[in-house]
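Undergrad: These came from Swiss-Prot, pasted as-is:
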{"type": "REGION", "residues": "1-189", "note": "region 'Enoyl-CoA hydratase/isomerase'"}
{"type": "SITE", "residues": "GLU119", "note": "site 'Important for catalytic activity'"}
{"type": "SITE", "residues": "GLU139", "note": "site 'Important for catalytic activity'"}
{"type": "BINDING", "residues": "ASP296, ASN500, TYR660", "note": "substrate binding site"}
{"type": "REGION", "residues": "311-729", "note": "region '3-hydroxyacyl-CoA dehydrogenase'"}
{"type": "BINDING", "residues": "MET324, ASP343, VAL400, VAL401, GLU402, LYS407, SER429, ASN453", "note": "NAD(+) binding site"}
{"type": "ACT_SITE", "residues": "HIS450", "note": "active site, for 3-hydroxyacyl-CoA dehydrogenase activity"}
{"type": "REGION", "residues": "708-729", "note": "region 'Disordered'"}
Amino acid sequence: MLYKGDTLYLDWLEDGIAELVFDAPGSVNKLDTATVASLGQALEVLEKQHDLKGLLLRSNKAAFIVGADITEFLSLFLVPEEQLSQWLHFANSVFNRLEDLPVPTLAAVNGYALGGGCECVLATDYRLATPDLRIGLPETKLGIMPGFGGSVRLPRMLGADSALEIIAAGKDVGAEHALKIGLVDGVVKQETLIEGAIAVLRQAITGDLDWRAKRQPKLEPLKLSKIEAAMSFTIAKGMVAQTAGKHYPAPMTAVKTIEAAARFGREEALNLENKSFVPLAHTNEARALVGIFLNDQYVKGKAKKLTKDIETPKQAAVLGAGIMGGGIAYQSAWKGVPVIMKDINDKSLNLGMTEAAKLLNKQLERGKIDGLKLAGVISTIHPTLDYAGFDRVDVVVEAVVENPKVKKAVLAETEQKVRPETVLASNTSTIPIGELASALEHPENFCGMHFFNPVHRMPLVEIIRGEKSSDETIAKVVAWASKMGKTPIVVNDCPGFFVNRVLFPYFAGFSQLLRDGADFRKVDKVMEKQFGWPMGPAYLLDVVGIDTAHHAQAVMAAGFPQRMQKEYRDAIDALFDASRFGQKNGLGFWRYKEDSKGKPKKEEDAAVDDLLASVSQPKHDFSDDEIIARMMIPMINEVVRCLEEGIIASPAEADMALVYGLGFPPFHGGAFRWLDTQGSAKYLDMAQQYQHLGPLYEVPEGLRNKARHNEPYYPPVEPARPVGSLKTA
């Protein structure tokens, strides 16, 4: 053994070939600060070996290196800029030493090589991969850019266009694509990976392969003519401006850095990467996006822990076909859980099957599946008008009309047709689970399961624990949602649960703005372009359905009369009374026509202004900041109340529910991350300016207390140790 660290070791393999093996404690390898330091120490030992002829890098895990240790990021990002820059210089000196070894080097890559893992293998001369490879640089999705030489080496290896596509979009690619673009040199089966790697190294050692020529382009300026460079970078910047926008600075910074570094060799190019990385790491956007990644891991880990002793349902059923029922049935079948779809008429069943078939055909058109796979999936969805087969169902989700009487009747009838241990769930969006459970003989086997539309796209499923829901019931439904590829978050029962409970105060803030003379078009523009929502409130209401919102608004007002009961006729009432129900009938705040792809396209409609004039004061031009404050304060206050009341268990789960269920702008990180970034005292000062608008604007006592003590909702993070101690960690 030449060297042994905590996460890697170095040993002779055969005949002058050494192997450097990543083998961290636990199930995966991460390129954390300690591993980078250990890699440097291993290379120091290796550089003294006069008999060295070649080096093989490999992993003892199912994945090569899954990336940097993102749990370290928040503390690293608090390190002063100069120290962070020094740490990056040190880390890059390690990878440069790997790249500069006087012998051929090869990385045998299995499974994932992402982020720092990808940057590590870019420093070797050759890369051999297994068919399960996923390799790429996802850093821009975390609000940063590659910092270990990825933005320098990848363009010089692949050419500007392919590299820009991966780096700016934060993409990873599979083995076949990686081979095609030159990111790996060969793909072999797992069982022959090491044998193949040694064979390639031998060819390089004997001179049959020119490893020096392979290495040289990574050390030089990017080979692009002025015209080629102008085309590549202009197109890339245009694409990034269109897709990422101003709220996500990392992709544009990465493109501009690669452009600026194109005329330099490795050392100066790495300096430019360093100078770009450090300011990005100190942005609120990076902290928010890293926070989302960590929250996502926390939420998924919690679901995994909850279901560790539970068998995933093998047979499911959906009550109520149509768009929603068909979407749920498709998602379950697509992920391998057969589903019975029951309705009371053929028309609805046909609609549900058509929806499932449409979604599968889209997968076929995109080349994701073949006809055989399509037929196999669709054959596991069984439409029926009766309860045949319900005696072997493990879990049933009811997705009928949002009417408590109808839902109770359907659930009570179904309970008599299933096994005693079968779990029943309701896909209600607002009706309290306790109310629906009152119709059942075994309420302990019942809970809420709130999917979001469109089911195949929206990652969140709210799992609602009723007062009598058993732990086993919740675990079974969480297991099914996880199997469907969704992110389940368990909340406690109340009107609207979590997501709709916090959404309707936001809509109430919108209604009050319109009442006070705001133009809905400007409100939409500000909330989309300035705050960053994917849709403004008017557009969102049209998509949700004005009739749906009108009904839900009444349910929420009954549930929380003190805050959500309004004493005036609002814009939603006016549109509802005029039968303007939004996209579903082509008229809402906007008028809708189908575009060439059959999707609804919004257009101005002057008639809506006359309609809204009856429920509004004369036009008043509100500032952008006023609009944002009046829209967001009611939502933030309600989110805080939900945490204080135990409706949602943690700030992390609340923020993920908002991001995954409502599209809360990821660069803000969620309501609690946004609050912590603003500072609770600053938020309180802002909110108090609007408390005259009513109870929705009154800040909860718990938040007032946080402001008094200047406390954040997330645990405070300490800066990482000084860079000097990081080197020898």
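Numbers here mean position along the shown chain, with the first residue as 1.
Every residue, even glycine, has its Cβ placed from backbone N, Cα and C.
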Undergrad: For VAL401 (NAD(+) binding site), what residues in its own chain, 6 or more apart in sequence, show a Cβ-Cβ distance under 8 Å?
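TA: Result: GLY320, LYS407.
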Undergrad: In the structure shown, which of the binding-site residues SER429, ASN453, ASN500 has the fewest other Cβ atoms within 10 Å?
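TA: Per-residue Cβ counts within 10 Å for the binding-site residues SER429, ASN453, ASN500 bottom out at ASN453.
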Undergrad: Please compare the recorded positions GLU119, ASP343 by how many other CB atoms fall within 10 Å of each one's CB, and tell me which has the fewest.
TA: ASP343
Undergrad: May I ask for the distance between ASP296 (substrate binding site) and GLU119 (site 'Important for catalytic activity'), taken between their Cα atoms and rounded to an integer number of Å?
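TA: The Cα atom of ASP296 (substrate binding site) is 24 Å away from the Cα atom of GLU119 (site 'Important for catalytic activity').
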Undergrad: Please report the three-state DSSP label of VAL400 (NAD(+) binding site).
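TA: In three-state terms, VAL400 (NAD(+) binding site) counts as coil.
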Undergrad: Within 10 Å of the Cβ of GLU139 (site 'Important for catalytic activity'), how many other Cβ atoms can be counted across all chains shown?
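TA: Cβ-Cβ neighbours of GLU139 (site 'Important for catalytic activity') within 10 Å number 30.
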Undergrad: When the Cα of ASN500 (substrate binding site) is compared with the Cα of each of the recorded positions GLU119, MET324, ASP343, which one is closest?
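TA: Considering only the listed recorded positions, the nearest one is MET324.
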Undergrad: So for ASP296 (substrate binding site), how many other CB atoms are inside 10 Å of its CB?
TA: 17
Undergrad: Just give me the nearest neighbour of TYR660 (substrate binding site) among the binding-site residues VAL400, GLU402, ASN453, Cα to Cα.
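TA: For TYR660 (substrate binding site), the closest Cα among VAL400, GLU402, ASN453 is found at ASN453.
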Undergrad: Using a 10 Å cut-off, grab the number of neighbouring Cβ atoms around the Cβ of TYR660 (substrate binding site), all chains included.
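TA: A count of 24.
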Undergrad: Report, in whole Å, the straight Cα-to-Cα distance of GLU119 (site 'Important for catalytic activity') from ASP343 (NAD(+) binding site).
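TA: Approximately 53 Å lies between the Cα of ASP343 (NAD(+) binding site) and that of GLU119 (site 'Important for catalytic activity').
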Undergrad: Please identify, among the recorded positions GLU119, GLU139, HIS450, the one with the smallest Cα-Cα distance to MET324 (NAD(+) binding site).
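TA: Among GLU119, GLU139, HIS450, HIS450.
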Undergrad: Does anything in the same chain, at least 6 positions from GLU402 (NAD(+) binding site), have a Cβ under 8 Å from its Cβ, and if so what?
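TA: Residues satisfying the criterion: THR428, SER429, THR430, ILE431, THR548, HIS551, ALA552.
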Undergrad: Would you report the average pLDDT that the model assigns to the region '3-hydroxyacyl-CoA dehydrogenase' (311-729)?
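TA: Result for the region '3-hydroxyacyl-CoA dehydrogenase' (311-729): average pLDDT 95.
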Undergrad: Measuring Cα to Cα, how far is the residue listed as 'active site, for 3-hydroxyacyl-CoA dehydrogenase activity' from VAL400 (NAD(+) binding site) in Å?
TA: 12
Undergrad: Taking the Cβ of VAL400 (NAD(+) binding site) as centre, how many other Cβ atoms lie within 10 Å?
TA: 24
